[in-house]
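Structure first, commentary second.
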């Protein structure tokens with residue numbers, strides 16, 4: 001049986017920013033979390049061995065994006081001040097700044113090997129840089145409005161970007177050509193990202209939806225309409241089975257991509273949730289919001305599905321020194337039966353294309369469970385029939401081969 005996500009458990013809240021948190025990211029070793037804020041600062045939260053926070057000042061305007069390098073030795077940040085900064089995440093807060101664009105820089109992303117950066121800007125361009133000495137390599141210029149986001153594919157061969165021009169563009173990094181454009185008709189994508197397999201992309205849209213596209217067939221694979229507000233951010237679980245989304249409706253949603261359904265709704269932020277990220281191992285995720293607060297939650301893989309949504313409590317507030325409150329919540333346990341998972345999925349969770357809190361009547365749930373049981377029996381019967389058919393084909397093939405050998409032998413006898 002494939003593993004599923006257990007009930008997310010709130011670990012802690014962080015409050016240290018003086019304005020909305022815009023972006024969050026984990027270091028590869030899970031020892032640090034980076035956050036960016038409208039207060040123009042970057043904060044590094046040391047998680048282990050003890051909780052400490054460091055405030056990095058340097059940007060002259062709001063910080064819109066932060067990301068750790070794959071090694072965890074650097075943090076990149078972008079700002080409305082048109083610059084990108086590379087920070088060493090230590091007490092010294094050393095940084096290197098370079099003017100990357102002629103307008104607000106919306107996002108930054110490291111390549112998988114940590115050698116290059118891609119940035120997206122309101123100047124309608126995407127630019128690629130070397131991390132060492134921040135050397136400009138090339139720009140991609142086909143968007144006709146602000147570029148919200150740009151990300152490398154897992155193999156670093158492609159770049160995906162989203163823009164206020166209502167397109168999501170897929171670029172070949174080597175040829176520097178746009179190889180496909182996906183069109184958003186009702187809104188634009190605030191953020192896009194590659195699935196860990198590199199075969200599809202997901203987009204968080206201003207039309208309150210989340211869409212998943214196959215980059216090979218260019219077809220939409222899934223369309224989730226589970227939020228009641230703009231979707232601001234999303235993050236794939238490293239295993240590729242789950243997607244977490246953050247919305248202006250003050251909730252986060254965890255989507256089961258295999259089943260194509262909503263798994264959890266998470267509450268806790270007092271306003272729009274503006275950023276969310278899974279840790280590199282997938283054991284934790286963090287979120288940031290317009291309540292000046294960042295939260296860290298844990299989730300674990302086992303053979304269980306879960307009933308309840310996770311609800312967070314407000315953390316302590318401090319501007320002079322970052323403090324945090326801890327709230328722990330025990331995960332729910334539930335039967336891991338494949339049949340129960342499917343029927344409970346229908347009654348406990350919303351469908352992938354419609355937001356609804358209505359449950360399935362007990363009688364209907366029982367009927368559906370019976371149908372699923374009958375389908376299992378039918379599947380097993382078909383499997384047995386296929387095995388028998390294969391055996392029959394093998395026997396027939398053997399008979400034909402024997403018959404041919406006898407025929408050849410008789411012919412040789414006649415010729416002799």
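One-based numbering along the chain as shown.
Note: Cβ is positioned from N, Cα and C throughout, glycine not excepted.
Taken from TrEMBL, the feature repeat 'WD' covers 14-55, 56-87, 98-139, 140-181, 182-223, 224-265, 266-291. Residues annotated as region 'Disordered' in TrEMBL: 302-362. For 306-317, the entry in TrEMBL reads compositional bias 'Low complexity'. What TrEMBL records for 323-353 is compositional bias 'Polar residues'.
According to DSSP, the secondary structure content of the repeat 'WD' (182-223) in residues is 0 helix, 23 strand, 19 coil.
Helix, strand and coil counts from DSSP across the repeat 'WD' (140-181) read 0 helix, 24 strand, 18 coil.
Residue counts for the repeat 'WD' (56-87) under DSSP, helix first, then strand, then coil, are 0 helix, 18 strand, 14 coil.
Mean predicted confidence for the repeat 'WD' (56-87): the pLDDT average there is 96.
Using DSSP to sort the residues of the repeat 'WD' (14-55) gives these counts of helix, strand and coil: 0 helix, 24 strand, 18 coil.
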